[in-house]
Amino acid sequence: MAQVINEMDVPSHSFVFHGTGERYFLICVVNVLLTIITLGIYLPWALMKCKRYLYANMEVNGQRFSYGITGGNVFVSCLFFVFFYFAILMTVSADMPLVGCVLTLLLLVLLIFMAAKGLRHQALMTSLNGVRFSFNCSMKGFWWVTFFLPILMAIGMGTVFFISTKMLPANSSSSVIISMVLMAIVGIVSIGIFNGTLYSLVMSFLWSNTSFGIHRFKVKLDTTYCIKYAILAFLALLPFLAVAGYIIFDQILNAYDSSVYANDDIENLQQFMEMQRKMIIAQLIYYFGIAVSTSYLTVSLRNHFMSNLSLNDGRIRFRLTLTYHGMLYRMCALVVISGITGGLAYPLLKIWMIDWQAKNTYLLGDLDDLPLINKEEQPDKGFLASISRGVMPSLPFL
């Protein structure tokens with residue numbers, strides 16, 4: 001109750017998006033044409049041009065964002081990865097698997113460092129009212145949340161699953177069914193724990209090391225909450241999986257029967273067309289289930305994240321009021337209508353989605369009450385910093 005009263009006492013500023021679908025559509029058309037003409041070379045500049053348009057038209061508290069990552073930054077990073085890709089291919093073709101493994105491990109190690117430096121550069125190149133964001137973290141902590149923790153959790157999940165398979169009985173048909181149900185429960189809970197824990201720890205780590213000017217963000221997510229909604233999101237997918245699986249299994253049985261009892265080619269063709277129709281229906285049911293699960297998980301975790309994000313020791317807070325159904329039909333429209341129109345409707349629908357998200361995002365407090373001063377920080381220099389600037393061109397939710 002105290003939090004609600006405090007939020008009612010402070011001014012609330014919703015994010016405002018000033019971009020239009022028509023303008024964004026023209027930008028995308030020009031980008032596609034230039035990318036085709038240049039045989040894909042222009043793609044990094046096209047992507048950054050779109051991102052700069054979105055940032056420049058996003059406003060909060062009367063001020064707009066600015067985004068300074070260039071296509072050249074992304075292009076240099078892409079060249080680095082292309083070089084490594086062909087180097088690994090050459091070692092494989094030259095029958096030097098050991099060298100290929102060493103190069104792959106080296107790329108993996110470099111990728112972790114590059115991701116951290118890329119996030120730092122992206123934050124420094126993003127500003128609001130002339131005040132830059134910044135991202136500073138220890139590489140030890142970054143390695144832990146992005147590499148070692150996921151691996152250890154995956155090993156733990158695999159171990160639990162393996163032990164469970166050995167402990168469950170399989171002496172009769174009924175015991176096999178019970179074992180399969182229990183294994184499914186173990187799998188769902190394990191996936192929920194994995195996804196929820198990683199989201200909670202990674203987002204807390206990233207944003208606790210992010211600053212706006214001289215003011216530091218703080219966020220502490222409830223890991224139990226994240227695990228709960230990760231499990232519920234997976235459970236929401238199960239009915240769709242069951243229906244789609246039943247349709248596919250039924251069609252497999254029908255296909256087997258038709259191969260045994262079919263009398264002529266016409267009957268075979270009719271059964272084949274009917275099978276294809278039902279297979280398409282099963283795929284559509286499955287994809288819709290993915291959309292339901294994804295929208296539920298996205299809205300639950302984003303709302304929780306924003307409600308726990310604060311700036312300058314809580315003087316500035318945030319609130320997100322996205323709804324499940326709002327996210328669901330926008331996601332479906334974005335995929336389905338974009339597919340039907342060959343991608344032509346994508347720019348319009350994306351702006352529609354961004355505008356809706358902006359209207360449901362609120363800043364609680366007044367940025368003008370804070371001393372808006374930039375940190376004395378400059379972008380990192382050197383070879384590793386240069387090739388890292390295009391690796392992470394987006395900080396989550398920034």
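Using the three backbone atoms N, Cα and C, a Cβ is placed for every residue, glycine included.
Quantities reported herein were computed from a predicted structural model and do not represent experimental measurements.
According to Swiss-Prot, the features are:
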TOPO_DOM  1-24  topological domain 'Cytoplasmic'
TRANSMEM  25-45  transmembrane segment
TOPO_DOM  46-73  topological domain 'Periplasmic'
TRANSMEM  74-94  transmembrane segment
TRANSMEM  96-116  transmembrane segment
TOPO_DOM  117-142  topological domain 'Periplasmic'
TRANSMEM  143-163  transmembrane segment
TOPO_DOM  164-175  topological domain 'Cytoplasmic'
TRANSMEM  176-196  transmembrane segment
TOPO_DOM  197-228  topological domain 'Periplasmic'
TRANSMEM  229-249  transmembrane segment
TOPO_DOM  250-278  topological domain 'Cytoplasmic'
TRANSMEM  279-299  transmembrane segment
TOPO_DOM  300-333  topological domain 'Periplasmic'
TRANSMEM  334-354  transmembrane segment
TOPO_DOM  355-398  topological domain 'Cytoplasmic'
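Within the chain carrying the transmembrane segment (176-196), a Cβ under 8 angstroms from the stretch's Cβ atoms is held by residues 150, 153-154, 157, 160-161, 164-165, 168-170, 223, 225-231, 234-235, 238, all 6 or more beyond its ends. Among residues of the same chain six or more beyond the transmembrane segment (279-299), those with a C-beta under 8 A of the stretch's C-beta atoms are 229-230, 232-234, 236-237, 239-241, 243-245, 247-248, 251, 322-324, 327-328, 331-332, 335. Confidence over the topological domain 'Periplasmic' (300-333), given as mean pLDDT on the 0 to 100 scale, stands at 93. Taken residue by residue, the topological domain 'Periplasmic' (197-228) breaks down under DSSP into 18 helix, 8 strand, 6 coil. Outside the transmembrane segment (96-116), and at least 6 residues removed from its termini, the chain residues within Cβ reach (under 8 Å) are 77, 84, 87-88, 137, 139, 142-143, 146-147, 384, 387-388, 391-392. Cβ atoms under 8 Å from those of the topological domain 'Cytoplasmic' (355-398) belong to residues 7, 10-17, 19, 44, 47-48, 51, 58, 60-61, 63, 69, 73-78, 80, 110-111, 113-115, 117-126, 128-135, 203, 206, 210-211, 213-215, 302, 305-306, 311-312, 315-323, 326, 330 of the same chain, restricted to positions at least 6 beyond its ends.
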